[in-house]
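Before any comments, here is the structure.
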Amino acid sequence: MKVIDKIQSLADEGKTAFSFEFFPPKTEDGVDNLFERMDRMVAYGPTFCDITWGAGGSTADLTLDIASRMQNVVCVESMMHLTCTNMPVEKIDHALETIRSNGIQNVLALRGDPPHGQDKFVQVEGGFDCALDLVNHIRSKYGDYFGITVAGYPEAHPDVIGENGLASNEAYQSDLEYLKKKIDAGADLIVTQLFYDTDIFLKFVNDCRQIGISCPIVPGIMPINNYRGFLRMTGFCKTKIPVEVMAALEPIKDNEEAVKAYGIHLGTEMCKKMLAHGVKSLHLYTLNMEKSALAILMNLGMIDESKISRSLPWRRPANVFRTKEDVRPIFWANRPKSYISRTKGWEDFPQGRWGDSRSASYGALSDHQFSRPRARDKKLQQEWVVPLKSVEDIQEKFKELCLGNLKSSPWSELDGLQPETRIINEQLIKVNSKGFLTINSQPSVNAERSDSPTVGWGGPVGYVYQKAYLEFFCSKEKLDAVVEKCKALPSITYMAVNKGEQWVSNTAQADVNAVTWGVFPAKEIIQPTIVDPASFNVWKDEAFETWSRSWANLYPEADPSRNLLEEVKNSYYLVSLVENDYINGDIFAVFADL
């Protein structure tokens, strides 16, 4: 979806939009850390996030990769910066085609800074001289597909700011006229350069309106995190620093925490003033840091840590090709990135109902599904690599996870227990103690308010429902006991399969069981999570392979612990259990006296 449409839609509802900017890190570890940070920040619901294009096009490939992952894996509306520096038209079109094929609709069109080692911008052969040319090219070749954002400079472009820190009135007016040309050429949104004098920004907005620029103008806010970095950035951008800001910073410049606290205070007060003057959107330059940006938004009452809303039980995709997707199998609940990877080749995505089995079109299992950020790999090493002498030792690790003592799990891309799991963690501990090794679960829910902090989704003024669900590994003997117990519990359905494809089930292969649904005003019933045998048959390969790829392989070859884990993988069954009576049923009754 175009950012301009999202901003205008929120404005029509009387809401203020906010967004974050990130830049490509220099190291692989830095990229991993950035995506973990993005995951946390995107949970607060930014309207979009953008990723910069390195000076001189130095990060072109990485920017393209990060933008695509933001849109398709982090699931946030993404805007990619695109510059003219060192970019002949063929490279520009390659970048645009790449993001279009990945479902991205938003571009920030810039001239760009001079290449490394040069003082002035030089047009590359076969390329463009300015952002206006880039806007014209995008509109002429790609029509209305892309939303185009351009940069605005409240103090004028740094190139025309003199040694005295000011641009002449003639240069400032010329800059405004050039900005209007970019809008007239097809740009539909302006995001400004950083500033610290709010009055300058408000004057800039008024000056734009006076010459006929009517599109939204979004202020770019850069929280002060570090004194030297602040001076370096304002010096590079030739940004005016108000006297009172320097006076406040000077006594605390060597106290980094005090500088950050002042930066949060200043950013908050700047935003309050702009919001009071009718600004409807804020863009935060994060410098890949989260605390200051989030603190400002919390101070403004725009986000609340205790009320992170979800449109669905899983994060809704931002990819233009998946925006209507609203049904998924529960099996990948803790591995959403893997699910997105394995379904990226689909031409249509389920909407409203799961429909016919589509197992044949799941992507093949590959190394990609088991690749992990180094930080997560390290966490698994620290928490899960212990001497394992018996199955009881394995059970102990699962119990520790249910107790909340572990922040990682080989079967999860998420951190620790999810809020709804904590509702049933005492029962889960007992189940794991009996040798049923749980990897996925949800409690039963009967008409809980949709804004509940633990199980809510879909926004306010609705009610959500869940059937209790449990997924676990167990031995053949324990499975036989479960099957026997279920004969006296007709509301429970089960499926079980081992690595050798031996099935045990009391459901038909074509059965599709909705296990989560919601009721909202003026809408049909939404059922975003289902259980179906065909998808379970696909998932089971990934679940069994996780024993090796994400746990056993952390040990040296021939290590007894590694061998034990492989034995469990090769002999245990994966079991899916649903308690269909979500009002009076008790899924844990299956395990009583076992």
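Here, residue 1 is simply the first one shown, and the rest follow in order.
Yeah, the Cβs are placed from backbone N, Cα and C, and that goes for glycine too.
Together with Asp113, Gln193, the substrate site in Swiss-Prot holds one more listed residue from Tyr285, Tyr339, Tyr362, which is Tyr285. Together with Thr52, Trp53, Arg111, Gly112, Asp113, Tyr153, His157, Pro158, Asp159, Val160, Asp175, Lys182, Swiss-Prot lists one candidate of His81, His94, His265 for binding FAD, that being His81. His81 (FAD binding site) sits 5 Å from Thr52 (NAD(+) binding site), counting Cα to Cα.
In this structure, Lys26 is the one among the binding-site residues Lys26, His81 with the smallest number of other Cβ atoms inside 10 Å of its Cβ.
Within the same chain, residues at least 6 positions away in sequence whose Cβ sits under 8 Å from that of Pro158 (FAD binding site) are Phe236, Cys237, Lys238. Candidate binding-site residues: Glu21, Pro25, Lys26. Nearest to Gln193 (substrate binding site) by Cα distance: Glu21. Cβ contacts within 10 Å of Thr52 (NAD(+) binding site), excluding its own Cβ and spanning all protein chains shown: 18.
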